[in-house]
Each structure stands twice: as C-alpha cells, then as structure tokens.
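Chemist: I have a structure here, written as structure tokens, and I will follow up with some questions on it.
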Amino acid sequence: MNKFKNIAVYGGGSFGTSLASLAAQNCNNVTLFLRDEAIAKEILHNKTNVKYLGDIKLPAHLQATTNLDIIKDFELIIIALPSYAFDDSIKLLKTHSISKDNTLLIATKGFARNPTALLSDRLKTLLPYNPTAFFVGPNLAKELAKNLPASASIASLDIDIANKIAYNLSSKIFTTNVSSDIVTLQVAGALKNIFAIKSGIDLARKQGENARATLIVAALKEIAILSKALGGMQKNSDILLEGVVGDLVLTCYSLGSRNTKFGYELGISSDKKKFLQEYKELAEGREALKLVLDLIKKYNLHMPIISEVASCVIPYVIPAKAGMT
C-alpha cells in the first residue's frame, strides 16, 4: 500500500500537535499549520508546544508554519480544530485552493452549526469531491505526544481510503481499525464529551464505580439511539469500535479529560450559576449540548442522560427531575 508523501495537520492545539507528532512517526514530511506565529517558531526551533503540551519533545523533523498557502501541496490534510471553528476553517481551506486530490482526515469531534448537522453532511456542501475519512479514538493528547500505546478507528464511506490512512498512521504502539460507519463514529465522538460531564458530576457526588459503569452502558445505548436516527448503526457491532467504546471509557474515567474535569468542578461548586458563567476552559461537551438537543427535538428521541446534563449545564432548557441542586 502506498504511503502519503507528505502530511499536513491543521490545528495547533494539544490534539492537533499530538496528531502531528503521531503522523511524524511514519512520515518524514509532516507540517503543522497553526495561527500562532510564536508557537510555530517554538515548534521549529525548540520542538515543544509548551502552551498545550508542556515540555514534551516533538519529533525533530516535524515542521510548523502559519502559511496556509502551501497546505494544498499536501496529500493528506488532518483537520484537528474545535467543532465551533469547523465551517470557517473549511471555507478558509477552500480559499487556499485545496483540490479534490487532497485527502481529508477529520479529527474534529462535534456537530456542525447553523443548522445542526453531522460534519460529514456539512462537508458534502463545502468540499463534496475530496476523499474524506474520520478519526476517533481513545486518545489523550499528552499520551499521544509521548508516543505511548494507543489506538483509533478510521471511518470512511470509501474503505480503501480508510485503509490507506490507517496504514500510514499505524505502528507497533499505535493500532487502528477501519469502518464504513462514519455516522456512528461522529455521533460517539460528540456525545462522549457530554457523558464525560455526567461522569465528573457523579464523581463529585461520590456515586461510586458501579454508577460509572452503569453510565457507560446507558451512554452506549444513547449513542446507538442518535446514530440510528441519523442513518448509522447498520451493524450493531459498530458500537464496539475503539472510537466508540474506547473513547467513551477513556473520556469518562479520566480527570485528564477536560469534560470530566468540567463536570467534577461543576459538581463540587457551591454556586453553580456563578461557576458556569465564569468557567473559561473549553469543554466540548458543553458546546455540543444545545446542538444535540436540537437533534433530540427534531427526531423526537428519548435520551435521558443528555437531558439530565442539559438541566445541569443549561439551566431551564429541560425541566428534569434529576437536575442538580
């Protein structure tokens, strides 16, 4: 199977930088594209991204730039940006003349906005001709950057594209599996952050490990409910992929997860309204909640965990008996 001659990663946060580090294990021509000139220079000269990854050393041959004009020259472009920036970022790529020859790997987790939709559906209107796949896995950014063992699922409607990307990213310590169910992986990647908030709240309440295991099972059921409503889950076994079960378990069990941390700090807060107003860190699950509520309403779905978290995080959106006091 052919190797990509070069790989671009678009997004210089913790996850984007970690994915660039991962890609550089197998490819000698990897460039990280980001907006912050100072961080780009730091990566070039010091091989660190202290703001997002501390003092973790990045591969010596990893390049970094703020010049999007050259991104069209890369065979594989990995998109690793927050979901709220997805539309604008893809439109920006279009202005820099990427063509149907550029393969896209979407590592963004969440839903497109205005209107609420799967990222794959939004791409059909923005970049309909590019080979596209989705990357979801149980991956804490700092562990990826440290080259610790991990895995991920690569999904594409074109299974040959998924296999090629998997081949280019896999190694002895990073394993991949492929799937054609792009819907289930996208849904799982978005919802797991909301379930992690619930896990953090339960941790603050000292609910115990039995409750957390029960949450995992219930969360998988809700992932399946929304996935089927959006056209996924043609095979029940798709729920067992690393990008579904693995990512859900990792996110819900780790305080290294921004969303679990957010839920925990919300749970121990004595003034929840003030906490929610003043909390500045990005918690993707908080961002995704209103979008998921749109889909629940549109398809008339019963997803009680999502409703409970909404009652905690978006006061008065849904009157739920299980809401926090």
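Cβ coordinates are placed from backbone N, Cα and C, and glycine is handled just like the others.
Relevant sequence annotations retrieved from Swiss-Prot are reproduced here:
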| type | residues | note |
| --- | --- | --- |
| BINDING | S14, F15, R35, K109, A141, R258, L282, E284 | NADPH binding site |
| BINDING | K109, G137, K192, D247, S257, R258, N259 | sn-glycerol 3-phosphate binding site |
| ACT_SITE | K192 | active site, proton acceptor |
Chemist: Which of these binding-site residues has the least crowded Cβ, counting other Cβ atoms within 10 Å: A141, L282?
Modeler: L282
Chemist: Using only the residues recorded as binding sn-glycerol 3-phosphate (K109, G137, K192, D247, S257, R258, N259), report the maximum Cα-Cα distance in Å, whole number please.
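Modeler: Spelled out: the longest distance between any two Cα atoms in K109, G137, K192, D247, S257, R258, N259 is 16 Å.
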Chemist: Of the binding-site residues listed here (F15, K109, R258, L282, E284), which is spatially closest to D247 (sn-glycerol 3-phosphate binding site) when Cα positions are compared?
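Modeler: So, spelling it out, the nearest of the binding-site residues is K109.
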Chemist: How long is the line from the C-alpha of R35 (NADPH binding site) to the C-alpha of K192 (sn-glycerol 3-phosphate binding site), rounded to the nearest angstrom?
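Modeler: Just about 28 Å between their Cα atoms.
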Chemist: Around E284 (NADPH binding site), how many other C-beta atoms are within 10 angstroms of its C-beta?
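Modeler: There are 25 of them.
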Chemist: A141 (NADPH binding site): which of the binding-site residues K192, S257, N259 is the nearest Cα neighbour?
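Modeler: When the Cα distances are compared, S257 comes out closest.
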Chemist: Including all protein chains shown, what's the count of other C-beta atoms within 10 A of the C-beta of R35 (NADPH binding site)?
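Modeler: 10, counting other Cβ atoms within 10 Å of R35 (NADPH binding site).
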Chemist: Write down the Cα-Cα distance for L282 (NADPH binding site) and K192 (sn-glycerol 3-phosphate binding site), rounded and given in Å.
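Modeler: Cα-Cα, rounded: 15 Å.
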Chemist: Among all chains shown, work out which of the binding-site residues K109, K192, R258 has the most CB atoms within 10 A of its CB.
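Modeler: Sorting the candidates by Cβ neighbours within 10 Å, the top entry is K192.
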